[in-house]
Amino acid sequence: MSRGYSENNNFLNNNNQMVLDMILYPLIGIPQTINWETIARLVPGLTPKECAKRFDELKSSGSSPVDNQYNSLMAAGESPVETLATYIKSSLLDIHGEFQETPVGHDAVSKTGRHSIASTRNCSSESENCTTHNGGEMTEESEGPNMVIHVCDEAKNLKEDFTCPRDLLISEMKYFAEYLSMDAQRWEEVDISVHCDVHIFNWLIKYIKRNTKENKDCEMPTLEPGNVISILISSEFLKMDSLVEQCIQYCHKNMNAIVATPCNMNCINANLLTRIADLFSHNEVDDLKDKKDKFKSKLFCKKIERLFDPEYLNPDSRSNAATLYRCCLCKKLLTKETERRIPCIPGKINVDRRGNIVYIHIRDKTWDVHEYLNSLFEELKSWRDVYWRLWGTINWLTCSRCYQAFLCIEFSHCQYHSETVVYPTAASSLNTVGTGIYPCCNQKVLRFDPTQLTKGCKVRDHMVTLRDQGEGGDLPSCPTARMLDDLHKYRDVIVVPFSKDTVSDVGVGLCDEKGIECDVLLEPNTPWGPKTGELNAFLSLKNWTLQLKQQSLFSEEEEYTTGSEVTEDEVGDEEEVSKKQRKKEKPKKFTRQPKKQVSSPCAQRKEKALEKSASRDVSPFVMSMQKNKWDATRSLRFNQDAQREDDQRRMTEITGHLIKMRLGDLDRVKSKEAKEFAGGIYSRLEAQIKASVPVSARQSSSEKNTRSKSRFGQGRPA
């Protein structure tokens, strides 16, 4: 038979043949189904079909072909075939209640970790099949060899060993699957030691053995407020997913009782904290009774993180803070959702193609959201208040009184007038047609205001109607109703006090001082221009940008100088050109001080600077045009200085334009406003007044002053 075997099975070499025969011979006469895939894994280079074919040959022959080759081993008292038969019967067959007895020596070997690892590697697939055939019920026979876990409780100075079937340990505690894998290369000795509380690990062992026969009559271990945190942390480390979910659900339902126990909540990692926080609504977190603040602030911090998560669908907040930024013009905190609803300064009001007013905000790139949150925490002193303030910053509602969209933090900022507007008749004043006045504060208003911005001298709470488009008839369930309830419940933290916004009011209020200055500077001499206190709001909006440009030109002409106008080398050239002009101007401007012609050179320089600044205020554009040309009548030094000033002006304009593109209009305006007139604001006002008064009026006033002085001089005693 062995000769026929060698002829008919040329695909086997001698070593594989002997190993396969040793494995298959003990299976002869056993009626159970054999898992040929598991047997094929034991012998490299063989397929399940080849193993089955060889098994049929051995059954037909009826004797083992390797008995003669292993007589020496059998004579020594140890039969490898019998030893292997015990292993095969316990792990390679689909057994239904038979062969339940294991050798006594097997337990001793398994406790030391020997041979049990080999069994662990090879019986996993068969145990999976057993689970399938038995309808998912884990039996002791299909759970593989027992593994011993050494538990060390360093806090209590205790050590205890626990025994658990290998397959059950892997299926319940997936942490050990990596170390008890089926790779034949890892069939080394494994010693499992766990540093954990003995009572907690005992609870975990009872939990994973809850469906076994030996614990069928035992009570199911239960979660308690005192042990759920420790079990949660241990089960998460051991990758017991089902138990982790049970612990998280238990924490959600019994958090008040848990925080009252002396448990350490700092051991909960960020992943578990996020999963627990997602089960809580912000109202439930706020209602927690956590006197020592062991867990409440952590939940609110996670809620703040969720507000900034763009992919998270937050049931507590309709808006998201992922796009939060601050406008550098109106200083409001906005998101992509609120930037077109919340008004900015009048200069940034636009009209879309459908005729609706839209607002364009400019992002302040110097603002940082982390610094903002830290400053909020320093101000409010708790993460709970920080969350509610941030929630009110990103969520918005619409007022049914003023028909304006408002942020929840501005709930008490609905502006109104206590008295109705009064419009004068056409016969009373021709200059105020279409302009009314509020008697309560004397604020002027247009009859038809295109800006549609609500302004008032008093504030009150906004009024919100609970009608959501597309919502059902259940108002308490709609987002607007829930948001309004939260706003009323926590308004002491959410709502910020009202403060008059001077930046956003420019050009809107007709009695506003900045708006008056704007239009007076633009067109001071036009007969149809607005008078003091009678500004047109729409024109002030229209000319906002022009006024900023003209102010920047004024300040630039005052600043761009290298001192060439007052150098000693240039005095002669300037005297030749401007002698006649000064002779004509001196009787008009300096009749009060006739002795200035013999003053010091420093006084002459100051006088020239004042004259030049006054002439710049009168005609700034003409001065800039003259400096752009090379003057052949002047010296080389003068032209070089003028060219240098022109280059400096160009570079400053380029720099200012780049700053404007990067930081916005407001920083540009502030930088220009910081550069005052060379002689101060009063000298600028004086120059503007002198430029606006006709020459004849100035001449007559100067003559009157001269006559009065002469009369006083004659009346004095010698």
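Numbers run from 1 along the shown chain.
Glycine is no exception: its Cβ is also placed from the backbone N, Cα and C atoms.
Features of the protein shown, as given by Swiss-Prot:
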type	residues	note
COMPBIAS	555-576	compositional bias 'Acidic residues'
COMPBIAS	580-595	compositional bias 'Basic residues'
COMPBIAS	604-615	compositional bias 'Basic and acidic residues'
DOMAIN	21-59	domain 'SANT'
DOMAIN	147-255	domain 'BTB'
REGION	118-142	region 'Disordered'
REGION	555-622	region 'Disordered'
REGION	692-718	region 'Disordered'
Given the model, what does the mean pLDDT over the domain 'BTB' (147-255) come out as?
85
Could you give me three numbers for the domain 'SANT' (21-59), the DSSP helix, strand and coil residue counts?
26 helix, 1 strand, 12 coil
Counts by DSSP class (helix H/G/I, strand E/B, coil) across the domain 'BTB' (147-255):
49 helix, 19 strand, 41 coil
